[in-house]
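Student: Quick one: the structure is below, questions incoming.
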Amino acid sequence: MVGTKQPQLKVPTVVDNPDGWGPPDGPAFLENQLQNVPYAPFSKGEKLGRVADWTRNFNARPNPRGQEYSVFDFAFDEADEESFRLVDGKPPPKPKFGPRWRFQQQRQLPQRKDEEVEAKKREQEKERQRRDRFYHQNRNTMQRREAAVFKSSVDIQPEWTMLDQIPFTTFTKLSYGVGEPEDLVLCGALEYYDKTYDRVTPKSERRLERFKNRNFFKVTTTDDPVIRRLASEDKATVFATDTILATLMCAPRSVYSWDIVVQRVGNKLFFDKRDGSQLDLLSVNETSQEPLPEAKEDINSAHSLSVEAAYINQNFSQQVLVRDGNKVEFQEPNPFASEGEEVASVAYRYRRWKLDEDTLLVARCEVHSVMDARGQTQFLTLNALNEFDPKFAGVDWRQKLETQRGAVLATELKNNANKLAKWTAQALLASADVMKLGYVSRIHPRDHYNHVILSVQGYKPREFAMQINLNTSNMWGIVKSIVDLCLKLNEGKYVFVKDPSKPQVRIYEVPNDAFENDYVEEPLPEEEQVPPPAEEETATKVDEEKDVDADV
């Protein structure tokens, strides 16, 4: 600028070294060239500052020593050291996840003493509540279920006489073998099974249709015209249906109360069910540990679910058919259908078993469909399991059916052991080749009118019986012991009633007009009911039955 003296740059003398690299040797060079270069001796363990700082503002602060600042300053600066950060490209070490590591980490958390005490108290309270829930669930669940749904299936009347009571423990010890049955009469017509339903998955679910125009028949033994004809022809001594026989065969697995009417006419026995009996419905979650709602009008009560399950089974058994008019017809038409009436696909096989030299048993057995497999015609039974609320079962079918089908079936075997055993027993009685189990669920847990089919699985009855631990010898042992007991009774009418709160069945002698249309039932007060026999008498009768079974 004008009037200002400009600083001059002094270029130092550069000494050339013709003999090699670097500065020349000699004291002249050291005195003339390196006398103004600062030098600070240091060791390898000392920290270094900046080698040269050209950004330093020399006028910002005075030098306390009165010396001039230089760009070549090797003094160590603490402030510069704190601003220094090492950039490391290595990933941080991974923590060792696990219960022990989490425990150690939690212990290392800085907490005040009062917070630690409060946290320990909360953990102890949670642990105590968990133990209480587990204790009450195992000790009082059955008591709560009895109070909710365990009521007698029939009201005990004052004029009824209790003859005996049989604990289920005696049933589990029985065993008896029977030969192959023979078919006496085949009635009805069967439609073919639609194999496309074997490929249904929760992602390709099918809406459950309603078949209001097809009639389903639940006719008891003595109202069956074919059984009456066979009885008049003296074809057997004992007559029943597959539903009644399956109820007796699987009695040790039952929890809910049920009743069967036995009529002794001459030398013949007829096992019947009452009109509107519980045998016409299907139990739901009968053997589950979780109690169902008590209110009968609740859609998830035991009665409501039984009606819903029966409705689902009827519609499912007709929807999985081809329904193209092609049928397999048998020698006689449906014995319960009127002319021109549209009936469901069902065939009745009236089969006879030889219990002993003097006792023959005839039962009406049902099959629901047929299919061709490797050039052979196979008989099928069709049944459906229904999901009403995943919270009760603990398993969501829509999430588990594809990946964990075994877990879903295991849960159903735990919650519906009696129902699945009865279906298997009926398939064995009818000599069905395959039993199809459908998985049907509500569209919404609170909508009990609309359902979808999530999957269909097929099983061979004998293999499935082994899987659920259903012993056919024990099944026939139970039937044989009950038949022998009833044949010793006088002519008349009797009722087998499963005790609503104990694993036992009671036998009552009832009037001949019991359960007729003009028969009025009045419940008998609890204190006026006939007390059961003494324990000594019951034990004596059980021992006598065991001796008879051993002789057989």
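Along the chain as shown, the residues are counted starting at 1.
Using N, Cα and C of the backbone, Cβ positions are placed for all residues, glycine too.
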Student: With TrEMBL as the source, which of 1-25, 201-225 is set down as region 'Disordered'?
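Tutor: TrEMBL lists region 'Disordered' for residues 1-25.
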Student: Looking at 278-292, 398-412, 488-502, which one does TrEMBL call region 'RNA gate'?
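Tutor: Here TrEMBL associates region 'RNA gate' with the stretch 278-292.
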Student: Six or more residues out from either end of the region 'RNA gate' (278-292), which same-chain residues have a Cβ under 8 Å from its Cβ atoms?
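Tutor: Here the qualifying positions are 137, 141, 144-145, 148-149, 153, 218, 243-244, 247, 253-260, 300-302, 305-310, 313, 386, 388, 392-393, 414-419.
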Student: For the region 'RNA gate' (278-292), provide the mean pLDDT of the predicted model.
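Tutor: Taking every residue of the region 'RNA gate' (278-292) together, the mean pLDDT is 87.
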